[in-house]
Structure formats: C-alpha cells, structure tokens
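Notes follow once the structure below has been shown.
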C-alpha cells in the first residue's frame, strides 16, 4: 500500500457459463469501491482462463482478447508477475487482496480460493470448503439433509447412470426440474413434463456438467436472504426477499434473471409472518455453517402455502448485478452496497493474516 490505498484485484469473466453475468456483477463492484480507499485493479479472466489486465473506463470494464497477463507467485504473499505481449516480464505492485467476482465453475467452486491460498494472498469472500460444498448441489443436499434441514426430493444423474423417465416420474412426480449440479444463474435448468422434454434436458444439461439433479416440483413462493460474516466470525442474516417470476416465465430462469427486464418482480422485504421469516433466517445461518461457508452467501428457499420451509440452495458468490437480490435484502436490513464490500475486504484480510 505504497500509495496509502489498498490494492485490490477484482477478478471477473471466467471460464464458466456465467461469464457474462460476472461482467455485470464486477461492473457494480468497481462502481462501489471507494477510490479514496482502494486502488482497484480489474483483471479479466478469459473463457480460456487467462488473467489479462483490464481497465475500468467511463463505468465500463474492458474485456481484452490479448494483452498483459497477471500471474500470482506461489507463496509470494501478494507478489505477482506481469507477462506483457512484448518485452520482458516484470514484477507488479504488491496485491493486498483478491476480490473474485467469478460465478460458477473455476471461480465459485474453491479453485480460485485455493490458488489464493497457495499464493498466500488474502481473498474476499467464501473460502475453499464452503465454496466447493455449496456449488455442488448434490453434495450440498447430502450435507444439509444430514443436518436435519429439508430440501426438495431429488435424484442424482450421471452420464453412466441415466434413469428412465418413468422411474423419475414415479419417484418425483411431474413436472420435474433438471439442473446441472455445479452451475448457477439457472444455466441449463429445464422444466420437464414429457419424455421428449426429458431427453432434451439431458442433452442440454450434460453440456454444462457431468452430473445433473432431477428435482421434484414444489408449489411455493421463492424467498431468499443474505448472510454476511464479520472478521470476528459473527453472522448477520438479512431480511428475506421474494422473487415472483412473470407469467411469461414458467420459473426463475436465466432469461428471467438477466435478460428480460420485466421477467420478475422482487419484493423486499418479503411479506411473511414474523415467525416464518425468523425461522428462514435461522435456517440460513445453520445451512451456512453446515456447508463450511464463511464471509458471505445468499440462501434460497421455497415457502409453501402451509408455511413449510424448504432449503433450495446456497450461493457463495451471489449476483452483484442491479437485479440481484443479495444487495437488495442487505440494503433493506441497513447494510449498503459499499459497506458490504468493506466488510468482505475486512473479513478476507483477517482470515489471511
């Protein structure tokens, strides 16, 4: 921090199917970083996995196809080498902390978190165990079920073991939702009613992952809340918010989330009885701990008409876009976007010390 500012590398883009969502999220993070406090260094992770130095100009992040690459030094405690297109490599200014805004595989699954640990550089956000456990919906379900938390009934599907449609219908009823086990943002998710739907869902799902989940349909409201951990380990759980997909979308799909501006209605806070909301918040905190998460997560639920609370999933790098729920529920709970960033950085520095 020679300049007196904290040098924070913001990773965005990435190799996953959520690449474009990451760019939207990182743009908001860059806008929220206080320039008086932070020297933000955006680094674009290409779809091939290269780390290229980027720039934030006029409110937009550049996405270079080539240029200077940034390479962390193992055990370097923030040292990094820049490899330019031409000329000799040189040592970059010391990195104080990495802030990954990478959704899905290779960013939210413990991979980047492990790289930061090997390089001995602090990282904002969830660490290795929670990231790996939460991203894999199959593993996450097994862990939270073991802890006594309720989830939707499901069947795990691999390329080697694809059950017959009739068997799934008997086990789960109709409709069924097919989803990649290790993707977010509703990428590759399909609502299945017929054998033809099932075959199409299998073909598409296996593009994104080698493991899929078939889940029962639950007629319920979709409710989410945010969890934020301070550097001392105390958890703050936000008020709950509700997502109501438009009638033009049969579920909370990728298009409803990010493409169609009128794809969803977001109600913050959700209109829930106090007792139900308090139970949701308590389950969110428990699930966060059960999966070994730290720092932050968004926890998603179904709430049925008879007020049964069903845990859906946990996202350790929730969307940071204008339409994202995490920051809306935190704001209504009294925590602003810049304050969330500050707390994530403080937590990462404390964990890395």
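Note: Cβ is positioned from N, Cα and C throughout, glycine not excepted.
Record features, source Swiss-Prot:
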{"type": "BINDING", "residues": "169-224", "note": "ATP binding site"}
{"type": "BINDING", "residues": "300, 313", "note": "Mg(2+) 1 binding site"}
{"type": "BINDING", "residues": "313, 315", "note": "Mg(2+) 2 binding site"}
{"type": "DOMAIN", "residues": "141-346", "note": "domain 'ATP-grasp'"}
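The distance from the Cα of residue 197 (ATP binding site) to the Cα of residue 315 (Mg(2+) 2 binding site) comes to 27 Å.
Distance from the CA of residue 300 (Mg(2+) 1 binding site) to the CA of residue 204 (ATP binding site) is 24 Å.
Contacts of residue 211 (ATP binding site) defined by a Cβ separation under 8 A and a same-chain sequence distance of 6+ are given as 136, 138, 156, 157, 158, 180, 181, 182, in order along the sequence. You'll find the Cα of residue 315 (Mg(2+) 2 binding site) roughly 8 Å from the Cα of residue 300 (Mg(2+) 1 binding site). Here the domain 'ATP-grasp' (141-346) has a mean pLDDT of 92 out of 100. Note: the CA-CA distance between residue 183 (ATP binding site) and residue 313 (Mg(2+) 1 binding site) rounds to 11 Å.
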